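For reference, Swiss-Prot has these:
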- 34-54: region 'Disordered' (REGION)
- 44-54: compositional bias 'Acidic residues' (COMPBIAS)
- 103-192: domain 'PPIase FKBP-type' (DOMAIN)
- 218-251: repeat 'TPR 1' (REPEAT)
- 303-336: repeat 'TPR 2' (REPEAT)
Amino acid sequence: MEENFEPYTPQLLKNPLSYSDLVKKGVEFEVDNSQQNHARDLGLDSDSDSDYEDALDVDGEELRSPWTYSFDELRALMSEIDENIYKRITRTGHVDREAVPNKARVSVRYSGYWEGETAPFDSSLLRGSKFVFETGQGTVVEGLEVAVRSMRPYEQAEFIISYKLLFGELGCPPRIKPKADALFKVEVIDYSLIGDAKGIDAIPQEDRDKFCVVYPKAVDLHLHGKDSVKLGRYQSAATAFERAVSSLNYCRMANDEEERKQTELLTTLNQNLMIVYNKMNKPKRACIMMKALRHLTMGNPSCKALFQEGRALAALGEYNLARNAYLQAQAKQPANKEISDEIISMNKRISKYEEASRDIWARAFSLKNSKSDVRKTPAQLEKEAKEQDFNDKMEDLIRRFKNTSDQQVSFSRKSYSNAQFDATCKLAKEHNLKLTLSPIQEDVLTLSKPDVKFA
């Protein structure tokens, strides 16, 4: 009699686990069943339990093992990294880039093969995407990380890795053989430094005013902040940049060179904070950072800083000041189309606002022909003008958001009155967008496109 098997989807874990813990001492884990519907929405359902049947678009030659003879013969053609890893370079990487360092986010393509077998027991190609991990975190088997750490961006290489640095003597049958060395074919696509967000906490209190001690840790915080921005974690990025600024401001410099390095890094950090604050819809903080930048640059901020100042001022409704900031940025980069587009947008906003103001005040001081008409006070008319101005700004922001690749943007609920919140809800509905209030952070409003799925 045939058995009926239900189609399955990949199961997500409630908490992540590392391969190193799995191999060394074993781990317990729980499956998050609530994610099954999301897997179906993303097209991850499959009636097949074979990785190969799901990889129809992958070239079979790419998946085929580059060596099907004994590993001893291949080792003779390789260079020894250490007693457990042998390497053969098949494509040279970028010579002007260093090998993958510790504390880096690296993206690779790889396939792993058992001795004498043509098909891989594991391959990122079967999943149709690159594999990304952080070095130094123990999230991949030790042998693969050591191999990747020996490579430069763009490099392709083959490695024979001892079972001692892979899955140990027991393995995980039937897919992972016990006490088996493996051949790995690896390509490093690129890497970026992620820094160390906690390194600065280890500085002794008596050394926290010494520039030579603090500066490397501030650089680490800067790298961590940049990495957080790439991942869309703007609050984490802001915290990292703020801590770096605070630590540098507290330092005493011993010479002109240290002062130059401090000013250079503080300038970069404050510019990055302006970008992050604008992303977080905190324009007032962005303007505060601009004051610090003007002091650091002796009144000559960069084009990037002026552009971000323009965005912050526009968000605050200071259109004339925003246009002036954009014009100063344009003077530094006349050919920059993005700046030109913002200037045109500001000119339209200013004209529209001035026209609306003239119309409101004209109605405020004109005589009504009909006595039955209810006359509005200048204060009421001014309130209507502000409400209309808010609606225009919010609609413009929503239109710009719809035209970007971003899937969601967050706001602070406390920044809006109840009337403004109601108006925003109405506009979001008109534009077929979702406006949700976080159940965890009550102050966070999220505007998202209809195809965004939340866990």
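Every residue gets a Cβ built from N, Cα and C, even glycine.
Counting only same-chain residues 6+ beyond the ends of the repeat 'TPR 1' (218-251), those with a CB under 8 A from a CB of the stretch are 103, 105, 192-197, 199-200, 208-211, 262, 265-266, 268-270, 272-273, 275-277, 279-280. Sorting each residue of the domain 'PPIase FKBP-type' (103-192) by its DSSP state yields 15 helix, 36 strand, 39 coil. As a whole-number mean, the pLDDT of the repeat 'TPR 1' (218-251) in this prediction is 92.
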